[in-house]
C-alpha cells in the first residue's frame, strides 16, 4: 500500500470573533457554596420543570445545564418535573421527547420522573385552606371584565364585586367547580392579596380555572386545574428543592411565589433565583411559533435540522458536548443580551475539529479520466482518518477514473484561482498531481468529463521544477458510494426574526435557501458504512452527520452540521 506523507488537514477556521468571555461566569456558584458552608443546606436539590407542550429548544439547554450542572458540581440532585397543568396543550409525545433530550445532553435526574399532577390533591387541599383563611375567593367576572378590573401598570386595579363572598359560599362554589357543574371559564378561584399592588402579579391572581379536558396522567379525575404560579412553588416545597432557578421573566413572580409559601403549611420554603434567558440571534424559541412552523409545514417536523429544538440540533449533527460547552461559554448572569449564533457554531466546530474523522465527498461530481494511468490498475492509498488524533488510517482506491467537484474546474478562472483549469495542475488530496488536458462537452456546451494526465512521480512529493499550489478532493469512480447530501443553513435571514415590518410576520424572514438537497453525490467507500449520527469532516466542504432517520448503511444521507468557516460574518 502507498502512504502519502504529504497529506495535510484542510485548513481550519480560526475561533469566531465573538467566542465569548475568556472566563465564563456563574453568579449562582458562590450562592450555593455559601449556603452549604453556612449549613443552611446540607445538600443541594434543583429542578428542571418543563411544560410538556412542545419540544425543548436551545434556550432550555441553558436551563438544563444550569440546574443539572450546579447540582452535579456540588454533589446534589436535580429533579425532572413536568409542569403538566394545562392538559389541552400537552401530549405524551412531548414528555418522551423531553426525557430523551435531557439524557442526550448527558444528564440524569434523581429518582423517578415527577409530575405536578402528582400533587393535585395536595394543591386542592391547600386552596381550600386559603379559602377557609379568607385568602381566596371564587370570582364570576368574565375574562374581559377581569382585565378591566385588574388595572394597568400606572393605574391600580379595583376589587371584584365577588371578592367579599363568605367563606361558606366560596367553599361551596369551589366544590361545585371541582364537581364539574360549571362550563369552562365560568368561574375561577383567586387569591385575595392586593388589587392596588404595583406588582401586577399580586392583584388577586388566579389559582384555579375550569377546564373540562382529559389529562394524560390523571385522566378525567379533574376538571379544575391549578395555574403555574400556584403549582410551581408548592411543588418545589413538596420535593424539598433548595434552589428554584428560573429565567428573569419570573423575577416579578417571586413575591407571589413567596406569598404562597408564607401562607400555606408547606414542609419547607425554597428560594427562587433568576438568571438571564438565552437570546440567540437568527433564532426563534417561542414554542407557539415553533409549533406554527411545524403545523404549517415550513419545516419538516420538530426535529428538522433547521429548528432551534434540541432534537433538531441533534439531527443536524451537533454533539451534546458542544451544546454544554456553549452554555458554559456564555455564562450564567442576570444581564439580558443577545448571543451571536456564531458562538454556537464555534463550539461545534471546535468539538468536531478534534473528534470528527476526515473523509472526502464530492457534492457535484465531474468525471475525470486519467488517460495515462494504466487501464485495469487499482492502487490502494492510505490516508489518515484525522490529522492529529490517533484515529487510524483509511484505504482509498485510486484508478483511471475518478470524480472531482464540478466547482474545481473552470475554463476561464478569475485571478488567484488555485484549482484546475485548462493545462493547469492540481494535487489530488493524498494522491498524485494531475493536469487538465481536455474538457468533453455535451450538445449544450456543458462540461461532462475531463481528460487529464497524472505525474507518476508525485505521490508523496512535489514535482520536479514546478510548484503546484492547489489541492482538491476526489473519490474513485467505481468504488465510491452514491449518497444524498442536505446543505442546511440558518432558517431565518434576519438576526432578529421576530422583529418584522409593520403588517409582516416572522414567517416573512424565513431564509428560502435554508435547505438545499443534493442527490447523486459521490462519497469515498468508507462512508458507505456510516451509521446514523456518525459525524465527519468532509474535506474542504464542512462537517456532516449521517441523518438519524433517513440514512442507512449503503444508502447514506448526510446533513451539513456547519461550514468550515463562518460564512455569515
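Counting begins at 1 with the first residue displayed.
Note that Cβ sites are derived from N, Cα and C of the backbone, with glycine treated the same way.
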The annotated motif ''HIGH' region' range in Swiss-Prot, which must be one of 28-38, 39-49, 50-60: 50-60
Of the candidates 25, 85, 247, the one that Swiss-Prot places in the ATP site of 51, 52, 53, 57, 58, 59, 60, 61, 62, 63, 277, 278: 247
Of the residue ranges 279-283, 284-288, 289-293, the one that Swiss-Prot records as motif ''KMSKS' region': 284-288
Swiss-Prot annotation of region 'Disordered' - which of the ranges 1-23, 93-115 it falls on: 1-23
For residue 60 (ATP binding site): DSSP state (helix, strand, coil): helix
Residue 247 (ATP binding site) in three-state DSSP notation: strand
DSSP residue counts for the motif ''KMSKS' region' (284-288), split into helix, strand and coil: 2 helix, 0 strand, 3 coil
Spatial neighbours of the motif ''KMSKS' region' (284-288) far in sequence, C-beta under 8 Å, 6+ residues away: 53-54, 57-59, 278, 308, 491-492, 497-498, 506
C-alpha spacing of residue 51 (ATP binding site) relative to residue 83 (L-glutamine binding site), in angstrom: 5
Cα-to-Cα gap, residue 60 (ATP binding site) vs residue 228 (L-glutamine binding site), nearest whole Å: 17
